[in-house]
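Here's what TrEMBL has on this protein:
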- 62-84: transmembrane segment (TRANSMEM)
- 90-115: transmembrane segment (TRANSMEM)
- 127-151: transmembrane segment (TRANSMEM)
- 171-192: transmembrane segment (TRANSMEM)
- 213-236: transmembrane segment (TRANSMEM)
- 270-296: transmembrane segment (TRANSMEM)
- 317-337: transmembrane segment (TRANSMEM)
- 349-368: transmembrane segment (TRANSMEM)
- 375-392: transmembrane segment (TRANSMEM)
- 446-468: transmembrane segment (TRANSMEM)
Amino acid sequence: ILPSLCRAVVLFDCLCASPKACLIYQVHPVHTHTSYKNSVLVSVLFHLSKYFERRFDGRVRIFGSCLFLVMNILWQPICIYVPALTLNQVSGISVSTIVPLTSFVCILYTSVGGIKGVVWTDVIQGFVMIGSMAFVIVQGTIDLGGLGVVLDRNRQFGRLVAPEMTFDPTARMGVFALFVGGALFKLQANGINQSIVQRYLTLPNNKAVKKALILSLTGFMIVLLMCCYIGMLAFAEFYHCDPITTGLARAKDQVIPLYVVRSVGRFPGVVGLFVAGVFSAALSSLSTALNSLSGVILKDFVEPYRSKPLTERQTAYVLRGVVVVFGLISMASVPIVQRLGLVMQLSTTVAGITCGPLLGAFSVGMLLPFVKTESLLAGISTAASLTAYIVVRAQMAIFNGTLTFQTKPVSVEDCDYSFDLPSNWNATTPAPSAKSSSHAIHEISFLWYTAIGSLGTVLGSLLATLYFGRQDPRVVDKELISPILHNYWYGEYETVSCEEKTDLALHESVTQLKLDQPEKA
């Protein structure tokens, strides 16, 4: 809850108060006169990428777009893998068969429907997802004998535990990592993510954006609590017979689908509804990412290098072509994801490499007007490289078994089916996790990845300022800076005469407001 509250406060006070500083440009889909369906998306992405160019220059804009492309290339295979894993456990169909079918369906409705198709499918998929989870929760609780039984079994076997009260950065779920790292992760996910900002910009005004954020905050907490409770239901069902040890489930991410089959499989259509809910959640994210990706490619990598503007038909073809190409790339990358570990950790890891530095770049742009372009480029390059090194080293260590995590004990004493038990298995005590005598940097919790990328960008930019020097804050358009800092950075310059203003060297951008021109009311 705390990361979500931090997210809401920062977004309300810092992002939504100034359209230029927060990229919340007014886009009214109902008044858009262009005929192709992706016109709103193109306008959205134009304004989003333009912030970096106005605050710094085109180099930062391209660098940010490249990070966004890398993030999507790494993250989209996860969205395809999640529903494939679920359907594989429920139906027995191989993942290699499910992945192409899932990908083609998502690519089809995303490329044809555009942003309108994405939003409407998201609405339908959201209802399916919440409805299926609610049914599983109610029926599962009844079958187990009530809420008290569920809580007692989880408490008895040590599953109801608070975060580790430690500041040790290597603690995987330490309280400090959850509050600080988790807050920054949710901030980047809902504050500077291209896919989320495009939704803000389809709303008519800032008041509607704030209302949407409040609803998002409420929905996020509800869904998170529902997911946690379904996990508790699964343990209460399998506490006496661990399905992973017996081989009934081949991966940890398949335990919940297995529980759904065992719990509500007797009701016709319910298992299919749950699988549809998982597909809905994954395909909703994938379609949004593909739609945003197509706009970034168009505005930052196609249109700037053309001598004449694209026609509406050409623009539509480019957008749809990008959706198809990157959808196929994501589909081909799924086998790599299968070998990398848990889905939740993977998604946080991918965000840390790219979105962490981007969050730091937006923070520098909106909070520190004295930082030059060269200083930011040095800071974001260093932070992105460091984060990528940590993530790659950690994934390699997890893959080869040198980095492991302590697990809870499980039991197979009361299983009612036959299975092959490993010879070295002890039914009450798990094999001890291997502990490294040294504490390498890649052993830190994955929750810190976004914090390293964002804070590293800010600190690196400040340190680079010692070499590249500071710039006068007055050369930056005041409306590109967070409103809560206007008095701090610009208060002492309110009475500067027009003659003094005209002597300032302004930012070299055709869109930069001139200080010697009167501001519009």
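Cβ coordinates come from backbone N, Cα and C, glycine included.
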Which of 62-84, 127-151, 375-392, 446-468 shares the most C-beta pairs under 8 angstroms with the transmembrane segment (171-192)?
-> 446-468
Sort out for me which stretch, of 127-151, 270-296, 317-337, 349-368, has the most Cβ pairs below 8 angstroms to the transmembrane segment (213-236).
-> 127-151
Report the listed stretch (90-115, 127-151, 317-337, 375-392) having the maximum count of Cβ pairs within less than 8 Å of the transmembrane segment (446-468).
-> 375-392
Determine whether the transmembrane segment (90-115) and the transmembrane segment (375-392) share at least three Cβ pairs under 8 Å, counting only pairs 6 or more apart in sequence.
-> no
Considering the transmembrane segment (127-151), which listed stretch of 62-84, 270-296, 317-337, 349-368 counts the most C-beta pairs under 8 Å = 270-296
State the non-local partners of the transmembrane segment (62-84) in its own chain: residues 6+ outside its ends, Cβ under 8 Å from one of its Cβ atoms.
-> 49, 52, 95, 98-99, 102-103, 106, 194, 253, 275, 278-279, 281-283, 285-286, 289-290, 292-293, 296-297, 300-301, 326-327, 329-331, 333-334, 336-338, 343, 346-347, 350-351, 353-355, 357-358, 361, 377, 380-381, 384
